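For reference, Swiss-Prot has these:
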MOD_RES   C254  cysteine sulfenic acid (-SOH)
REPEAT    11-102  repeat 'Solcar 1'
TOPO_DOM  1-10  topological domain 'Mitochondrial intermembrane'
TOPO_DOM  33-73  topological domain 'Mitochondrial matrix'
TOPO_DOM  97-116  topological domain 'Mitochondrial intermembrane'
TOPO_DOM  134-178  topological domain 'Mitochondrial matrix'
TOPO_DOM  196-212  topological domain 'Mitochondrial intermembrane'
TOPO_DOM  233-266  topological domain 'Mitochondrial matrix'
TOPO_DOM  290-307  topological domain 'Mitochondrial intermembrane'
TRANSMEM  11-32  transmembrane segment
TRANSMEM  74-96  transmembrane segment
TRANSMEM  117-133  transmembrane segment
TRANSMEM  179-195  transmembrane segment
TRANSMEM  213-232  transmembrane segment
TRANSMEM  267-289  transmembrane segment
Amino acid sequence: MGGLTASDVHPTLGVQLFSAGIAACLADVITFPLDTAKVRLQVQGECPTSSVIRYKGVLGTITAVVKTEGRMKLYSGLPAGLQRQISSASLRIGLYDTVQEFLTAGKETAPSLGSKILAGLTTGGVAVFIGQPTEVVKVRLQAQSHLHGIKPRYTGTYNAYRIIATTEGLTGLWKGTTPNLMRSVIINCTELVTYDLMKEAFVKNNILADDVPCHLVSALIAGFCATAMSSPVDVVKTRFINSPPGQYKSVPNCAMKVFTNEGPTAFFKGLVPSFLRLGSWNVIMFVCFEQLKRELSKSRQTMDCAT
């Protein structure tokens, strides 16, 4: 097709932030049941004496939740999840190119691997501090079960914000920031840098054009790498965030208890749904992100030319 291509039009910061937020929200809506299954598998084993149903695998978990708690339970915490994407994903993804440009300002060469990694670390860290309260609420709503007469801790998203702030203080909304920071910078670096490098390699070597198939394959590879790298930290983060006050003394204490009580394999609980979720999330998000950036930039340039 003729006309402008992605390389012809450089998206503005506003276009990148908006495109990242919308693409991340769309990906979250589609993959949220997989995320809920991942959370349920990760917190399973915290209370060995509990009579709550045991989950087995991704499909087994999803089936069990639907059968015992209803389909909508798979989307418990979705409003907080969307708030998280708008507040954090838009920043960690939308600011990535801008931070790279800042780090390489005045240099005629392309961004180095070091600058890509530093950009991923920076945007991932900023996003965590801003979006942590939404992560806490999302995880707790996903983890709570209504089985066997267990009274849920929270009745909804805003009820969860209020109760956590009231009973645990405002710091309760930032509980688990340390493991989430570790997880997010690992995922952000691995995800964005791998995607960037794979896309560049495919295009530079004329394997794939800078279009949907290239974005799809690059995103899938990035999702696999990010999942494998972040799984242990992700399990600790989920356990620590979901725990009531006093269950764990600290993040290292949480990690030690997981290791002592359940063994090293517990750090990879929910690995399959994590990959299914992050892999599919990456594909949807990156493909939509690239297309939105391209179309919005072309529309903006067309409007500028018309005026």
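Backbone N, Cα and C define each Cβ position, glycine as well.
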(request) Please check if the transmembrane segment (267-289) comes into contact with the transmembrane segment (117-133), where contact means 3 or more CB pairs closer than 8 Å and the residues in each pair are separated by 6 or more positions. (result) no
(request) Determine which residues of the chain contact the topological domain 'Mitochondrial matrix' (134-178) at the Cβ level, with the cut-off under 8 Å and only residues 6 or more beyond its ends counted. (result) 35-36, 39-40, 43, 51-53, 68-69, 73, 76-77, 79-81, 83-84, 87-88, 128, 237-238, 240-242, 245, 251
(message) Considering every residue in the topological domain 'Mitochondrial matrix' (134-178), what is the mean pLDDT value?
(response) 89
(request) Around the Cβ of C254 (cysteine sulfenic acid (-SOH)), how many other Cβ atoms lie within 10 Å? Please give the count over every shown protein chain. (result) 23
(message) What residues elsewhere in the chain lie close to the topological domain 'Mitochondrial matrix' (233-266), defined as a C-beta under 8 angstroms and at least 6 residues from its ends?
(response) 39, 42-43, 45-46, 48, 135-136, 139-140, 143, 167-168, 172, 175-176, 178-180, 182-183, 186, 274
